[in-house]
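Here is the structure we will look at, set down as structure tokens.
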Amino acid sequence: MAEAHQAVAFQFTVTPDGIDLQLSREVLKHIYLSGVTSWKKRAIRFKNGVLTGVYPASPSSWLIVVIAIMSTMYARIDPSMGMIDRIKTSLPVSEFMTVQTQTVLSAILFATGLWLSFIFLLRYILKALLSYHGWIFESHGKMSFSTKVWLSLVKLLSGRRPLLYSFQASLPHLPVPSIDDTINRYLESVRPLLDDEQYKQMEIVANDFKKDPAPKLQKHLKLKSWWATNYVSDWWEEYIYLRGRDPIMVNSNFYTMDLLYVIPTHRQASRAANIVHAMLQYRRKLERGELTPLRALGIVPMCSFQYERMFNTTRIPGIETDFVQHLKDRKHLVVYHRGRFFKVWLYYGGRHLWPSELELQFQRILDDKSEPQPGEIKLPSLTAGNRVPWARARLKYFNEGVNRASLEAIETAAFFMTLDDEAHGYDPENIRSLDLYAKSLLHGKCYDRWFDKSFTLIVYKNGKTGINTEHSWADSPIIGHMWEYVLATDCFHLGYTAEGHCKGDINKSLAPPTRLQWDIPKEIIEGSYMIAKGIADDVDFHDCLFNEFGKGLIKKCRTSPDAFIQLALQLAHYRDKGEFCLTYESSMTRMFREGRTETVRSCTCESTAFVKAMEDESTTQRLALFKKAADKHQNMYRLAMTGAGIDRHLFCLYIVSKVMGIDSPFLKQVLSEPWRLSTSQTPQQQLNLIDTQKFPKYVGAGGGFGPVADDGYGVSYIIVGENLITFHISSKFSSPETVAILSRLFLVTAASLTIVSRQRLRCELPHGLCILRGKAKTHHG
């Protein structure tokens, strides 16, 4: 639209009398307004940048310090101990710089230096305070006097109105654990998975590594931790995500669902318009740094680094490694519908398009009857296949002409959106509805999502929506933060008319969306599509709503809900497979600067003892074993959050060993162990924008991911409100270990949850309620 405006704003004709220049006042007005908006945005960013840069102080505090110093000088008191005079002597003397001016300027310079020193001191003190993590290990509901004092000091130094990035400079660096601690915790984690002979052999290998080359590797890793902001995150992004040459669809990308029970409107264009407008509002707050930083206990800040690349970001394929391209001020998005790509401008006259205007644009796309160009329908499948063929095709076929211009439009877009021609969502009458919904969000048809974009917004023809997210730039809580804001804004602030349309007037003078043009041979796409289709067809999904009880009852057990569910999953897996397996649970490390995740190894000696007790009807110590296992899990989760995990440390030691050319049998074995049960909890209500007590139907369904191991399960769960837990379980049809038992995994889990809860609450539940002993075994059939 901007190009069209520029084309008609200045028109000229050559006549015998000279050049006749014609100007469009309306278009010039829009160009002027766009310029004003741009400068206003820069001014706001500069202001917020200054506020963030001097936090926890404020610009007004500088004025206070200057006035205080000037006042002491007039009182003939020198608080600078002669420094003001030294500064004064170094200033040049001229007719424009009188002695009095020199004195004032010297005082201002000294006051500024004092003020900056005060800021650095406050930051250092705050960083030292935030390095204390004793509070997280205290029992729930109990707080020591020292922790109360600590919280008061953190609150005092945190300022009143922090912006999104205000705490970044005050966050501590992720510490490097000691070799002894990591090795000991590792050996403890694999003990329940090995027999005595295997464990003895592992001890020998681990102790050999501890002697050599571990100390040498550790020194280099500590050197990196002193130099880099975070000793893990850059290597994690590069080696775990960007250097992977396998398809990222299913294997890396993850999905997030819409509200579970509610569809605000069944009009596809209207829902898309409100969602996109809410995203633009969120992006404006994000770019200005005006979002409130997430804080544990409402006081302890979390790192906000991952938010930076949410919009205007694309993963660019390479032969050996990909890279993440992040841009600023992108003013368009690209929409995919029925095999065609459309470029939609998001601004008009220096402002965001209103929802009603976006609805008009999206409806124009839906009404467009034009046919796809040759090769256009399945073009996005290039991003779903192997990375090397996509990188080579990009270099060969997308380097010039219409292909280059169209690909650039996609890769520089704010984000990518698909107007899907299918209908999905939760249907109580169809037990497979959530499964199909999950598969559609995760991989779709393999050619209707652009898997390289930071995220793809999918809007179905019945108004349901969801997101597919590329994983390298951020983790699920980041996209979940944005999604919660968007859904709350869509439902409670923007709203719809009685007919389901967006509110507001329609501006029919908007230029229609522009079709992207392509000239692509079909044969370069078919290979990627067939690989992607094979992966998608192999993925089995089972999404389940467990509503027998939820967080409310679990908390009455005086147990962590996460530990409770993890133990139930261990029990469910054992009953299905008859054995234990290495289990991965994701934990965040965002209390440290640029922190991402750490692994909690949920299969422990304590959890296996509890599971075996549940299978032995003669055992009378189930409650004690349950409490011991839950406490152990909670402690491991806390260790992971505070930088004392196992796996990221070992991963970085392995990278150092490869760079130094050192072969380590221990590290090679550790890094090759398969995670046959990979789990993750989706955070709920990070912003608390939706009152689920008042609006119980407005709850999210969470999201999920594909299985990590070919013969394993991927399990994502979200604890929704007080009485609902949603599970997203994935596996592969091709594995004889998981095929045909996926749905039963949840049934056993549900039964296990019921048994554990009633076991734990037998003294608190109504009199006469029996303890179910072994009844979950009936769910095997």
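Just so it is clear, glycine is given a Cβ too, placed from its N, Cα and C backbone atoms.
According to TrEMBL, the feature domain 'Carnitine O-palmitoyltransferase N-terminal' maps to 1-47.
Summarising the annotation, TrEMBL assigns transmembrane segment to 60-77 (among others). Counting residues 6+ beyond its ends, the transmembrane segment (60-77) has Cβ neighbours under 8 Å at 54, 84, 103-104, 107-108, 110-112, 114-115, 118 in the same chain.
Annotation source TrEMBL lists transmembrane segment at 104-126 (among others). Sequence-distant contacts of the transmembrane segment (104-126), counting only residues of its own chain at least 6 positions beyond either end whose CB sits under 8 Å from a CB of the stretch, comprise 54, 56-57, 61-62, 65-66, 68-70, 73, 80, 83-85, 87-88, 91, 97, 154, 157-158, 167, 169-170.
Sequence annotations record features per position, and here TrEMBL assigns domain 'Choline/carnitine acyltransferase' to 174-738.
Per TrEMBL, active site, proton acceptor is recorded for HIS471.
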Other CB atoms within 10 A, centred on HIS471 (active site, proton acceptor): 18
For the domain 'Carnitine O-palmitoyltransferase N-terminal' (1-47), mean pLDDT (0 to 100): 59
